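The block underneath contains the structure these notes are about, expressed in structure tokens.
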Amino acid sequence: MAYRKRGARREANINNNDRMQEKDDEKQDQNNRMQLSDKVLSKKEEVVTDNQEEIKIADEVKKSTKEESKQLLEVLKTKEEHQKEIQYEILQKTIPTFEPKESILKKLEDIKPEQAKKQTKLFRIFEPRQLPIYRANGEKELRNRWYWKLKKDTLPDGDYDVREYFLNLYDQVLTEMPDYLLLKDMAVENKNSRDAGKVVDSETASICDAIFQDEETEGAVRRFIAEMRQRVQADRNVVNYPSILHPIDYAFNEYFLQHQLVEPLNNDIIFNYIPERIRNDVNYILNMDRNLPSTARYIRPNLLQDRLNLHDNFESLWDTITTSNYILARSVVPDLKELVSTEAQIQKMSQDLQLEALTIQSETQFLTGINSQAANDCFKTLIAAMLSQRTMSLDFVTTNYMSLISGMWLLTVVPNDMFIRESLVACQLAIVNTIIYPAFGMQRMHYRNGDPQTPFQIAEQQIQNFQVANWLHFVNNNQFRQVVIDGVLNQVLNDNIRDGHVINQLMEALMQLSRQQFPTMPVDYKRSIQRGILLLSNRLGQLVDLTRLLAYNYETLMACVTMNMQHVQTLTTEKLQLTSVTSLCMLIGNATVIPSPQTLFHYYNVNVNFHSNYNERINDAVAIITAANRLNLYQKKMKAIVEDFLKRLHIFDVARVPDDQMYRLRDRLRLLPVEVRRLDIFNLILMNMDQIERASDKIAQGVIIAYRDMQLERDEMYGYVNIARNLDGFQQINLEELMRTGDYAQITNMLLNNQPVALVGALPFVTDSSVISLIAKLDATVFAQIVKLRKVDTLKPILYKINSDSNDFYLVANYDWVPTSTTKVYKQVPQQFDFRNSMHMLTSNLTFTVYSDLLAFVSADTVEPINAVAFDNMRIMNEL
């Protein structure tokens, strides 16, 4: 168009050659302009040669041909994909989809036994600290003194009870409590040692350093530090290390050393650790590495059963656990191999059905959704649902007779309990009213909702034909057998299913049905049912093999389940489409698939780790509930304790667990006994609460309240301070008693009579450097609110110090100001650090190696799958 417009403006006598020449010139000019601008703007350096243009033209020609061929390929690809999509839509209308929740699988697989954590330091609550000494006038001396202080001296802000501090401390001890201690791993060099000796850990070494460098340290102590070293008794595999510990810390660490969970490891233990049924399974060849050192150790997993019975009345918790188990089980069920070609099978089925133009719609429906993906999906769903005891629901179209006939196989091999009742009733009713009753000319069954009997149970009483009634009887009584193996409750399939004999029973019933006259139905209807039965009966051998394969894979993987398989219907269900069951029945080949040994070991390890962690977390929660009860914090902390317990199991979304289940869980946890180690640790804390309170800079042992002013007293540790070191001469009231009774009259009367009163009991106090700012608000903050609100747990007395380190010291020195306060903090002196009393020798094994993965010593292989045999010593797959 542009060319014509330009030509219209020119003279009429311009010939065609000129026009063509002009057009080429214009194109070249434009190209040159573009190239020039590109060259100016580009940062590349370009070497100009004479024949550059010719080379570029040749390159452009090559590029254009390449682009054309690419476009052609893309067109062909999209055409192929489009055809595939159309085929997919035609053949695969109803395929179940499973989206694995990878996050849950990762959480489960990431649960590792906590024994793996290596201790690098001893457990300590206290540390020695160097504090200055103040003279009587508040000036700092050059000397200092050592006291034991708390390492983590943290009290949260807000209304806080010191008893909560002890509960948190106990929780911290439980978290850090080691399963084993190997002192050799944490020992460090003593820098001040004469002969390169070692002390037990880095904190002991740093304390020794600080004491050695302190000018006031006695020569005898320095000489002792220089002599500090380990003492090895090689013949007994024992080593003693010197340590510097507070007596309470020593009691903790000595207890940990005496109650280690490690046990000697030998080949028998590893052999017995492998599930018995896998050891005895002839399809698996297990070999063990026999070179275990004598110092090998392991920690026995804690596999106690059903202490909380989560299947009983914990619907949402049980649903989460079964979902996690289902996702894990699906990841280990083997994929089917060498399935029959979908196209070939559909062609064969079409021939068997003699599909032609006159064929009724119902028979073309038989082929809907048959594909290998659906077959594999169905196989994995059935086994994983049984392993995790997840309830299934069935999706089907009543007019697809092939689906219903496949459903008859499904109901034969999978126990009724595995299906949600509504779905089971709907499927059975469809089979009865579509196939069984019409065959015998019986009227449709009108099923009343809520009937305790299922349609098959009603039909069993009404059907006269022996074979059909016999099959119905089997289905109605098809339940899991509960068998305890190695202390674990297993849900075992019926022997007739395991060996595949039940399929003969099913086929007899189907043959009887196909021979019936269907007197009340048209001929086409009868023919459709007969052809559907024919399709399934043609694959009798493959169905027997499929049933044996399903049972074998289920029972082999079940050997790796460590928690009791409790059967309770789940809140949510796993959907199973009957078209996928048809796919499985029609496409199963003769290739045997069994789980690989590596898969079995992985599945077993994940189950053991989760189960062991579950029991340890129960022990922690039970211990903390007991501690909260004994510290009178029962009401306050209970829901938080249960929430923490669920969080530490990793798989629960705690925010979505209903409150009623939380409190039910608390009630179950309360009934359990406390594990001995955890109880002993709590008793250690309880016996030494006074020492721990003394060592804190934020916990007081009481508060003295008066209306008249009380002068600050001089203290070696702080200077001038409103601290009372004893309560002589004061009327005392116990804080616990006050909180329990809520009777404040006694205190009010004393204060009105100008008598100071001492409230005794552990409580937090506030420290602040500015005395003046505190004195102004002292009465209101410390006690007025308490009397008004009748809440002792908001009581926070204020401590302040005036010494040469504080800004207020000069006010006192210059103006002879005598600071006073209407409250005093009652605080006992912390324990003084004495080197001789703090020196302890700790004893442990010189060396041992802890193995967490016992199955790493086992090398395993399988026989050729084609030779794999089931429990009856016959090949799993017999049909060739």
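Keep in mind that glycine also has a Cβ here, set from the backbone N, Cα and C atoms.
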Which is it, of 394-414, 772-792, that Swiss-Prot names as region 'Hydrophobic'?
394-414
Cβ under 8 Å, sequence separation of at least 6 from the ends of the region 'Hydrophobic' (394-414): give me the contacting residues as numbers and ranges.
94, 96, 361-362, 365-366, 368, 382, 386, 423-424, 426-428, 430-431, 434-435, 456, 471, 474-475, 478, 493, 497, 502-503, 505-506, 510, 528-529, 532-533, 535-536, 543, 547, 550-551, 575-579, 581-582, 584-585
If you count the other Cβ atoms within 10 Å of each Cβ, which of the recorded sites Ala220, Met228, Met839, Met841 comes out on top?
Met228
On the DSSP side of things, how many residues of the region 'Hydrophobic' (394-414) fall into helix, strand and coil, could you say?
13 helix, 2 strand, 6 coil
How does the model score the region 'Hydrophobic' (422-442) in terms of mean pLDDT?
94
How many Å lie between the Cα of Met228 (site 'Interaction with the intermediate capsid protein VP6') and the Cα of Met839 (site 'Interaction with the intermediate capsid protein VP6')?
10
In sequence order, which residues at least six apart in the same chain have a CB under 8 Å from the CB of Phe224 (site 'Interaction with the intermediate capsid protein VP6')?
Phe835, Met839
What counts of helix, strand and coil residues does DSSP assign across the region 'Hydrophobic' (422-442)?
18 helix, 0 strand, 3 coil
Per DSSP, three-state class assigned to Met228 (site 'Interaction with the intermediate capsid protein VP6'):
coil
